[in-house]
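According to TrEMBL:
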| type | residues | note |
| --- | --- | --- |
| DOMAIN | 38-197 | domain 'Glycosyltransferase RgtA/B/C/D-like' |
| TRANSMEM | 63-81 | transmembrane segment |
| TRANSMEM | 88-110 | transmembrane segment |
| TRANSMEM | 154-170 | transmembrane segment |
| TRANSMEM | 182-199 | transmembrane segment |
| TRANSMEM | 219-245 | transmembrane segment |
| TRANSMEM | 257-274 | transmembrane segment |
| TRANSMEM | 317-338 | transmembrane segment |
Amino acid sequence: MAAAVAMVHVAVATRYGWFPDEFYFVICGRHPAWGYVDQPPLVPLLAHAAEALPGGGLFTVRLLAITAHVGCVVSAALLAAEFGGRRLAQVMAAAAVAACPAFVGLSMFFGPTVTDQLVWLTVLTLVARALRLDTTPSWLLAGAAAGIGLENKHTAVVLIAGIAAGLVMFRRETLRTPRPWLAAGLAVLVAAPNLWWMAQHGWPNLQFARMISQHSRDTLGSLIQLPLLTIGLAGPLLVVLWVFGIRWLASPAQREHRWTLVVVAVALVIFTCASGRPYYAAPVFAVLFAAGAVRVESARTARLHLNGMGEHGWPPLRWTATLAASFVGAVLLCLPVLPVSTAQALRSINPWLASTYGWPQFTKQVVAAASSLPAHVPIFTGYYTEAGALSILGPAADLRHPVYSAHNNYALWGPPKGRPDTVLCVGDFPRSYLLEYWSEVTELAPIIADDGEHTWKTDRTIYLCQQPRGTWAEMWPSLSHFH
């Protein structure tokens, strides 16, 4: 199952192009630190390491995302085993994660969300194992994994909170022993370097969390839409399986595993209400898939024994067809398989795919506009997406100009020296905004997509800005923006 998932991903990994955040992660990794204003250090360091390999580039970076999805498939099977599932349950749980749109879609590109999925499944599996073995090493292993998760994405705090709530409600006797507390201490110790970095820089990640929350103020509306969003993310064809999982975990006989149901509830409510991003909770679908698979296996085993037949390790035909259909649908909608024109038509369903093509054309147009300017003239972009694209794709297109931005961690890296006497500004800047910083702003050209439309993703324009109203250092605080 894991091999099949890897093969499909590898076959289409570079069919479109870079996802804009992937540019940013690589650039952040080129500036190694224990943290960044919008994320912990793990993903940028991994992205840079993959890109810096001999022959490295988009494919080696995407291999990290593929590895994470394969790891989730394997972890789902292991979690089903911790729930008492045998071969059938393990195969079904693995197949469900392989076919789930939320897992397939988020593994299309490399970033902290796909690695966060692997972290959640790994930690949940290790905690279930620690509860079964009740040994100090097993708990410490779970704590170390949680600490690594905190160095990957701070949403791991929600995972830890959900586990703590679940243990308080259904496994309280475990908390009377020192083992889970040692695990928690180890998690904090592993995460300490990033905590130190955030404290040194004024806790910028908390500011980001507040901004994300402000973009989702309709809490009631988000909760009302949660069932439909959950069905879409988990996969409409897999609804029955995760409903079986809820029923199995809620049954009186499964009290020892019911703590995982609390994790599911905590994740869905917090990510829907606080961030408006329920796909952050996608890893908990694997819990329900694993539990539902165990229930299916138990019912099938009981029927086979009743009929005097032996056990089978492969899902029944109807489940095989359901899982296969879900996998095909997820691949077609979430991976770069269809023609670009079709993906463009489906962008309302999957906007991420629409962000992965057009960057080479964007870079060539900027290079053409800059070609008549001296090499020391900088390019200033509105967002890290444009700056990252020019920094990574620019050298192959003969870009000789330094590239700057004041967006997110680019702002933290600081302004260039001196005065911005002549600057090529690229982005969705209104001309009136640029006139606040330069007294002469000339529109050179709009960014034109291959189909000739002016609106390539957003209305980006190339401007030549001259006669600055201050030095870079004086202008930088008001140019800087974070979101």
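Glycine residues also receive a Cβ, built from the backbone N, Cα and C atoms like all the rest.
Predicted automatically and left uncurated, TrEMBL annotations should be read as such.
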Original post:
Hey, which bits of the same chain come close to the transmembrane segment (317-338), Cβ under 8 Å, at least six residues off its ends?
Top reply: 8-9, 12, 15-16, 92, 95-96, 98-101, 104-105, 108, 235, 237-238, 240, 296, 346, 349-350, 353, 356
Subject >> Overall pLDDT for the domain 'Glycosyltransferase RgtA/B/C/D-like' (38-197), taken as the rounded mean >> reply: 97
Original post:
Cβ under 8 Å to the transmembrane segment (88-110), counting only same-chain residues 6 or more beyond its ends: which ones?
Top reply: 1-2, 4-5, 9, 19, 21-22, 25, 43, 46-47, 50, 61-62, 64-66, 68-69, 72-74, 76-81, 117, 232-235, 237-238, 241, 279, 282, 285-286, 289-290, 292-294, 296-297, 300-301, 311-315, 319, 323-324, 326-327, 329-331, 333-336, 350, 352-353, 356
Original post:
Which sequence positions outside the transmembrane segment (182-199), separated from its termini by at least 6 residues, show Cβ-Cβ distances below 8 Å to it?
Top reply: 33-35, 40-41, 130, 136, 139-140, 142-144, 146-148, 150-151, 160, 205-206
